[in-house]
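*Asks:* Mind having a look at this structure? Questions to follow.
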């Protein structure tokens, strides 16, 4: 067995945190539980998951496993050089004592009957551009592990109760003796009868089959504050999955996703808008109604405005989540060049070019009246 097999059984990496290992164990344990999964080989997989978790959940045993593999985790010392204890500091036996104590249960065991909080959940909610700016209230619906309504989470058939496990006497662990080159060593492992709960269910609940949990659709109202952005999270305490041994529910993390706007763009509390104007408006100036999320605002365009010029509408942006106040809206001018001109428009532009002293590459085409003058030879 290599030094990553236990991690592979739980589907986590070798540098996984204890919290990640615990969540993976719960997930895999439910997946292969014999009372839920009737497929061939599920029970064996379940035992392998228990074995992996029993080692990786204990800091000292995990350290021994990472360094020496299964032999270290199970009490063997293969890998030591015959001439001494290579790898340990010659000034003391601190590292050896840590590993040695894990074989004898020196590190202690957690109370298997202690209440444990349920798993956290995530839910992604879509908001319109305006909802993200002004805030909203959304009702979200999702499936979660809830306390079984039939047995109230005990896992036992109504009218019955779990009893103290006869094998481990309620401790959740049993002692196992292992023969090693150093003699018989005793270590503690999770009880294979009660799976570490310390209690044995003789008559299982017909609804949850002894797990104490059942899948239910849950609805909750979420208040979205004004000014949120994509990727931000809102934590709803107690809206996650049911706990264990009477422990509290986990939390729900609502992840915000803001849908794009057809008119505006946004960065933090600043909103951006592109204003298309004509050459005439840019040259002569104009007063234009500018759309904002707060309603139309009248803005003056000075004569001679160039493409790319940006104006600021103060207080017309999004709320600032931190520090309070309101952001601004930036209006950037884009001068639109017409693609289709009628004869009158062309005449006017040619006249403008002549008045400006611009030299045209292509000479002005004669109009109808010019042609009449030429025909009559009129000056």
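Using N, Cα and C of the backbone, Cβ positions are placed for all residues, glycine too.
Sharing the record's features from Swiss-Prot:
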BINDING   148, 151, 205, 208  Zn(2+) 1 binding site
BINDING   165, 168, 191, 194  Zn(2+) 2 binding site
REPEAT    148-155  repeat 'CXXCXGXG motif'
REPEAT    165-172  repeat 'CXXCXGXG motif'
REPEAT    191-198  repeat 'CXXCXGXG motif'
REPEAT    205-212  repeat 'CXXCXGXG motif'
ZN_FING   135-217  zinc finger
*Asks:* Go through the chain and flag residues at least 6 beyond the ends of the repeat 'CXXCXGXG motif' (148-155) whose CB is under 8 A from any CB in it; none is fine as an answer.
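*Replies:* Contacts with the repeat 'CXXCXGXG motif' (148-155): 161-162, 201, 204-208, 210-214, 242, 246.
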*Asks:* For residue 208 (Zn(2+) 1 binding site) and residue 194 (Zn(2+) 2 binding site), determine the Cα separation and express it in whole Å.
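*Replies:* Between the Cα atoms of residue 208 (Zn(2+) 1 binding site) and residue 194 (Zn(2+) 2 binding site), the distance comes to 16 Å.
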*Asks:* Please report the distance from the Cα of residue 191 (Zn(2+) 2 binding site) to the Cα of residue 205 (Zn(2+) 1 binding site), rounded to the nearest angstrom.
*Replies:* 21
*Asks:* Counting by DSSP, what is the helix, strand and coil composition of the repeat 'CXXCXGXG motif' (205-212)?
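*Replies:* Looking at the repeat 'CXXCXGXG motif' (205-212) with DSSP, the answer is 0 helix, 0 strand, 8 coil.
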*Asks:* What's the CA-CA gap between residue 148 (Zn(2+) 1 binding site) and residue 165 (Zn(2+) 2 binding site) in angstrom, rounded?
*Replies:* 22
*Asks:* Reported as an integer number of Å, what is the Cα distance between residue 151 (Zn(2+) 1 binding site) and residue 168 (Zn(2+) 2 binding site)?
*Replies:* 24
*Asks:* An 8 Å radius from the center of the 148, 151, 205, 208 Cβ atoms defines the neighbourhood of the Zn(2+) 1 site; name the other residues of that chain inside it, in order.
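*Replies:* Result: 149, 150, 152, 153, 154, 155, 156, 204, 206, 207, 209, 210, 211, 212, 213, 214.
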